[in-house]
Amino acid sequence: MDESKQGQALVLENKIGNTKKLFIESYGCQMNMSDSEIVASILGEQGFNTTQNLEDADLVLVNTCSIREKAEQTVRKRLEKYNAVKKINPKMKVGVLGCMAERLKEKFLEEEKIVDLVVGPDAYRDLPNLLEEIDAGRDAVNVILSKDETYGDVSPVRLNTNGVSAFVSITRGCDNMCTFCVVPFTRGRERSRDPRSILEEIQKLSDDNYKEITLLGQNVDSYLWYGGGLKKDFKKATEMEQATAVDFAQLLDQCATRFPKMRLRFSTSNPQDMSLDVIHVMAKHKNICKYLHLPVQSGSNTMLKAMNRQHTREEYMQLIDNILKIVPEMSFSQDMIIGFCGETEEDHQDTLSLMEHVKYDFGFMFAYSERPGTLAAKKLPDDVPFAVKKRRLQEVINLQLKHSLYRTQQHVGKIEEFLIEGSSKKSDLHWKARNTQNTVVVFPKENYKVGDFVNVKVEDCTSATLIGTAVGYSENN
Ligand code: SAH
Ligand code: F3S
């Protein structure tokens, strides 16, 4: 999942009659952004409207990320800022949500005096009770993980929206137990959301004129609805439940068939759980974007094994080749972990050569950061020196930049369909839009508007962005 390094203060449409003020911000993955929309909805029923002014807030909530140590440090810094504000506004209450809340539990209250409330990712429905606890002067903690919570019936309040793209979560948790990863501990076991509630949510978004949906999960290809419950308990389901179960390929097919004008994306795909059925569904529907985020983490078989990834480098490359046979225009992005336990120069070269094979369009690359409680932290020494991690990371980033440029260059000279998302960051006179492969173009605004599907002639590019001119509305408009 893409990660935004900046926290975002979120705003929702205010509900008439609500008097209390909530300031909520999210760090980390898209799932956290999506969860904050659920929290805002739950608190909207409790008399809270959001504010963008930290100084005004009755309640401050920070949705946190534990994936790397740096993400946690960023949140700690934010708490210092809240502390300063609390000196001016002593009535303000502070709550920590998300993965750090789950990881640190009651310890948070001891370590950070500013924190009144600690709520894990499966406990947001308990927020009204927890707020009563803190009103009564008691500390409030709920970090219980659930086997069936999906918030399927909570209608999220769209926060910080451009009115064009929205996230819809379809699974929660992860069962994969990659040895480096804290997510299975902070988000619990995998469970899927009822397809009916997913389709209803997309219907609402379609009625509100949204144009693009991203289906979200830690591991979307593992989606399996058989009436509720943990994925790992599927074998215990009745014959009838098993026979009528819906997998990810079927869900995607249903969404694309029912909403032919809606662009669909999904994230994240895990190589070991990806089935070619999904790729056939992608090939069948024009409205499913031809882009896969397919993290590999390393190109070395030794590292993949130490990470408990359930595939080899050869199987991964074979998967990419098979996908391209079905959808030749598919674009790919990676996540890489550099300098994992025991990584040698040879392992590193294997990562570079795998990248040469795939030539990813985009990449998200990080130095390994040991996370307490994971199998790697318990069993494998974090033994690659920081300077070596840094140098290898830079080599990987440089190669990715070269491949990204190679990929953007393939679009130059072509006319492609793009969906306008908003103004270009660099120029108010240009739109920013995305094609099916998730590549961004900027072009002069003329009379087009946000949410239009436009055909753009691509004239130039950098490694990150295409530059072009609109030639007219596309037929999807
Ligand atoms: N399946 C999830 C993965 C979440 S973590 C998803 O939805 O994307 C996102 C990425 O963070 C991982 O793919 C991995 O590349 C990186 N990551 C996870 N744990 C890490 C660690 N301990 N150190 C460095 N990077 C890590
Ligand atoms: Fe983490 Fe591996 Fe799951 S990276 S989220 S344990 S697929």
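Every residue gets a Cβ built from N, Cα and C, even glycine.
A quick note: this is a predicted structure, and the numbers were derived from the prediction, not measured.
The domain 'MTTase N-terminal' annotation in TrEMBL covers 20-136.
Sequence annotations record features per position, and here TrEMBL assigns [4Fe-4S] cluster 1 binding site to Cys29, Cys65, Cys99. Cys99 ([4Fe-4S] cluster 1 binding site) counts 28 other C-beta atoms within 10 Å of its own C-beta, drawing on all protein chains shown.
Per TrEMBL, the feature domain 'Radical SAM core' maps to 160-407.
Long-range Cβ proximity for Cys178 ([4Fe-4S] cluster 2 binding site), meaning a same-chain Cβ under 8 A and a gap of 6 or more residues, is found for Gln297, Met307, Asn308, Arg309. Mapped onto three states, the DSSP output places Cys178 ([4Fe-4S] cluster 2 binding site) in coil. Residues or ranges marked as [4Fe-4S] cluster 2 binding site by TrEMBL: Cys174, Cys178, Cys181.
Under the heading domain 'TRAM', TrEMBL lists 409-472.
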Contacting binding-site residues, sequence order - Cys29, Cys65, Cys99, Cys174, Cys178, Cys181 vs ligand 2, Cβ under 6 Å: Cys174, Cys178, Cys181
Cβ contacts of Cys181 ([4Fe-4S] cluster 2 binding site) (under 8 Å, same chain, 6 or more positions away): Ile67, Cys174, Arg371, Thr374
Cβ neighbour count within 10 Å of Cys29 ([4Fe-4S] cluster 1 binding site): 23
Overall pLDDT of the domain 'MTTase N-terminal' (20-136), taken as the mean: 95
Cys99 ([4Fe-4S] cluster 1 binding site) - helix vs strand vs coil (DSSP): helix
Residues among the binding-site residues Cys99, Cys178, Cys181 that border ligand 1 - Cβ under 6 angstroms, in sequence order: Cys181
Three-state secondary structure, which DSSP defines for Cys65 ([4Fe-4S] cluster 1 binding site): coil
